[in-house]
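What follows is one structure encoded as structure tokens, with my remarks underneath.
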2 protein chains.
Amino acid sequence: MDRYDPVESHPRSSKSFIYLVIISQIFGLLAVILTAVWLGKYWGGFSWTNANTVFNYHPLFMVLGLVFLYGDAILVYRVFRSFRKLPIKILHAVLHILAFLFGVLGTKAVFDMHNALLIPNLYSLHSWLGITAIIVFGLQWVAGLIGFLVPQTPQVARSKLLPIHVTLGSFLYLLVIGVCISGITEKNFFSKTYPVLKAGELIGNLLGVVLVIFCGLIFYLTQNPNYRRTETISPEHRALQE
Amino acid sequence: MDRYDPVESHPRSSKSFIYLVIISQIFGLLAVILTAVWLGKYWGGFSWTNANTVFNYHPLFMVLGLVFLYGDAILVYRVFRSFRKLPIKILHAVLHILAFLFGVLGTKAVFDMHNALLIPNLYSLHSWLGITAIIVFGLQWVAGLIGFLVPQTPQVARSKLLPIHVTLGSFLYLLVIGVCISGITEKNFFSKTYPVLKAGELIGNLLGVVLVIFCGLIFYLTQNPNYRRTETISPEHRALQE
């Protein structure tokens, strides 16, 4: 990716920005590792062929896809804010489609478990909001592809779509974290020793805290005006980049 | 409040804005009514002296304070964006202190129930995140009072605090909704007929959906740049207003 506006031109904000990005990545990876340990060690491990453990792919893929990759897909616009836009848009779209695929696989895992054990589907608030989030995420991805990556889309339509795309995307991300919190709550309620906090339930709670911190860092890095893309180049130059 | 920049000067955005504010208020009031009906009719009603029903004040006060009043406290900066700032700041602070007081009462209700029935306190992810949210909310209120309402606070400190105050306040609001979702999840799991969705559990789920819609509207109205305050007046004039 060609740079047109080096990060060094924002010395005021670049140092804190880099530290916060690194910390966010540590918390993002920690969330994925905690989820794997939680389900792998305390809830029976992972298997697509075992009706009792196929569920465990559900939280793992959701945290990997709809939390970690989704968060980083948002973050690329800040991390590469001084690079050309088109490659970043493609990276944003690729990370989002990966997030969506993990989300679909994660959804399949919970339906597989419910169907195998004859548990009704879609009864909980967690499932209602989760399935809505996945569907809206998919629609938002298609709208983003047509709106921002199809060259024929007129500029006026892009300008109208952009604030909706950004606001809906950010809100959906925060909603996903809320859905995760309720999912962890459900899983802990299924524990036989709860409300006594043994290692399994404690890791569940800690995972929730880590998810909130990761999401909070992504939100701060996205919202802080100092970390935004600065459009200082001429419109002609920008037209060439897009 | 004296107006200096009438809403009529933003015809492009004022009509959709007014409709969205009205819809948000309908959903906000609906959330409070649904909570009252849910607990009043299906979970035994409200009483501070009955250990089994004192809990019911917890969701009611949280939805009234930390969802409805908190949301509207954020919204006053958009609804009165063409009015002088100082009265709006005071209204923002008053709505927030009311929200906080309801939050504290709502917290007391759940501790009272747990202590009376010898249920351990603070074991769930809902409680961990909820108590953190209340504490941060209180600290944020004090920081806001010192930062923006004490006249002696230097302008440079205000400018530094403002983006942190706004970002933290918005994130905390979205976190509160996530905590509500997990709280409704817990309450439904305590139901004896669950996962069969009878009226009580259905209202719980519907309440969660209404809370998300209300929060989504507040988030959109806050984030949309068309609905932001326009600082078109001179610095001298502004200095007189603040």
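A Cβ is built for glycine as well, from the same backbone N, Cα and C atoms used for every other residue.
Annotated features in TrEMBL:
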type     : residues  : note
TRANSMEM : B:17-40   : transmembrane segment
DOMAIN   : B:23-223  : domain 'Cytochrome b561'
TRANSMEM : B:60-80   : transmembrane segment
TRANSMEM : B:92-111  : transmembrane segment
TRANSMEM : B:131-150 : transmembrane segment
TRANSMEM : B:162-184 : transmembrane segment
TRANSMEM : B:204-222 : transmembrane segment
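Put simply, of B:17-40, B:60-80, B:131-150, B:162-184, the stretch with the most CB pairs closer than 8 A to the transmembrane segment (B:204-222) is B:17-40. Outside the transmembrane segment (B:131-150), and at least 6 residues removed from its termini, the chain residues within Cβ reach (under 8 Å) are 66, 70, 89-90, 93, 96-97, 99-100, 103-104, 107, 122, 157-158, 161-162, 165, 168-169, 172, 175-176, 179.
Listed by sequence, the residues of this chain that lie at least six past the ends of the transmembrane segment (B:17-40) yet keep a Cβ under 8 A from its Cβ atoms are 46, 56, 59-60, 63-64, 67-68, 71-72, 75, 78-79, 200, 203-204, 206-207, 210-211, 213-214, 217-218, 220-221, 226-227. Across the domain 'Cytochrome b561' (B:23-223), mean pLDDT in this model comes to 97.
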